[in-house]
Amino acid sequence: MLGVGGMGLGAVRIWLVLLHAAAACEFGPVPYSVTGIVCRMTKPAALLLNQETAQVIQAAFRNAKFPNITGERSMRLLGTVAYRLANIQVHGLSIEQSEVELKENDAIDVAIKNVTAFFKGTLTYGYAGAWFLQLFHTVDFEIESSIDLQINIKLTCQKEQVAADASDCYLSFHKLTLHLQGDKEPGWLKQLFTDFISFTLKFVLKREVCKEINFLAQVLANFVHDLAENFVRDEDIGLDISLASDPLIKSNYLESHHKGLVLYKNYSDILSDSVFSPSLLSESRMLYFWLSEHILSSLASAAFLDGRLVLTITGEKLQALFEAEDTEEQQKAVQLIFQGNSYNDSVAKVWSLAHPEISLQPEGTVVKSLVAVEISILPPGEEPRMVLYMEKEITVTIQAAYAEKKLILHPSDSRIEFKVFKCTADPSGNDQSLRDFLKKMISVVGIPEVISRIEPALTSLMNSKGLHLFEIKNPEIITRKGYLIVQLDFSFPNHLLLNFLEKIL
């Protein structure tokens, strides 16, 4: 009779995961129609990440809750031999090799070879022999093992996010040797115990280790989802990254499709006509992100509603704008607008009057916005006095790049059309030279100044999410009609896996 006691917390946790995973997600009849974001990881990236699996496997062995193992057997002439292995723990673990293969529309196969593990614990045995001879003893034991591990990971949808099912797990034992009290050459009684418990021990190790691997796979999937969700959120503005269709496994890449709808207070966001198709992405780089034009437009709307599209310029910055060119035209315009007042006593406010319109084109991201500019004089001890107010429709094409861990935005092809123009020094509005000067200043100096404020703000935001910790290689930001692609190679930052392991240990 053989028995295993103590199911363990790990087993309970994994059964809960499996119960949740049983409920499949439901998607609409048109593939990709509500897809706003796509993440494609190609096989080279999977191979790179596989190099980090050793730490996860080690955590699985150490976290596994091995139950007590009991057994007994009747021996002719010898009577009954019973035993109990308790307090089984892993001491020492090494992994020689790990390989990964993507099986089309099936699973991610991870083969881990030559795992050397030592298990220690206490063996209590009793021997009730013939002729009323009895022996009872308790000794420490060590199990020396050499194992191959095969894990077939399926990607599914659970609660509208990617779930990793690693329940298809196998352990193959090349070696399983029991040592008692450090004796490497067991006598006939020790050899007898080894023969008795070998099958049961293999079964228990396989069951508990595979359960823990399955649990860790799901926790890791949740951990990655939480990281991504945090990355696309800033204060009250975020993105819904729930799945828009089932994850896809091909022989050369993994792909997940997400809704990407903007989440902001009572703001309502709907996408039903996505232009995504898997053929839009290639397989030459390690990682691809596809973003719909709809996402950028919705984010701009949320930023507008949140009051973020406001800029105040004073002092030296204001002076630099108006004195970028030391010409007679510039001097005349400055005198006309500021009427001899100091820049230090002046303030310019720039803000968006309506939701910016964003469209993605091959030449870049086209931003069209109705913008207001107000310049006021703040004389000491006097009430503020507005000296210039104008509303203008600005259309500018922006090309984006990422280099040296900084976002770079390059504006080009700007067009400016005045809608409202009021100047205290020119109440009739007949001074065309003043308008021409302001249009030139806005185009040559003003737009680059606004862009120069946006660049570090967005870079700082991305770095606060940990982007700077990645070693990103040769990133490219490519715009096409209606969508944007970011493609890159990368090195995996060890801190992410360490954070994950610290979370579960």
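In case you wondered, yes, glycine gets a Cβ from its N, Cα and C as well.
Caution: TrEMBL annotation is automatic and unverified by curators.
Look at TrEMBL and you will find 1-24 tagged as signal peptide.
What TrEMBL records for 40-267 is domain 'Lipid-binding serum glycoprotein N-terminal'. The predicted model assigns the domain 'Lipid-binding serum glycoprotein N-terminal' (40-267) a mean pLDDT of 81.
As annotated by TrEMBL, disulfide bond applies to CYS169-CYS210.
Residues or ranges marked as domain 'Lipid-binding serum glycoprotein C-terminal' in TrEMBL: 281-488.
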In all the protein chains shown, the tally of other Cβ atoms within 10 Å of the Cβ of CYS210 (disulfide bond) is 21
Around the Cβ of CYS169 (disulfide bond), the count of other Cβ atoms that are within 10 Å: 21
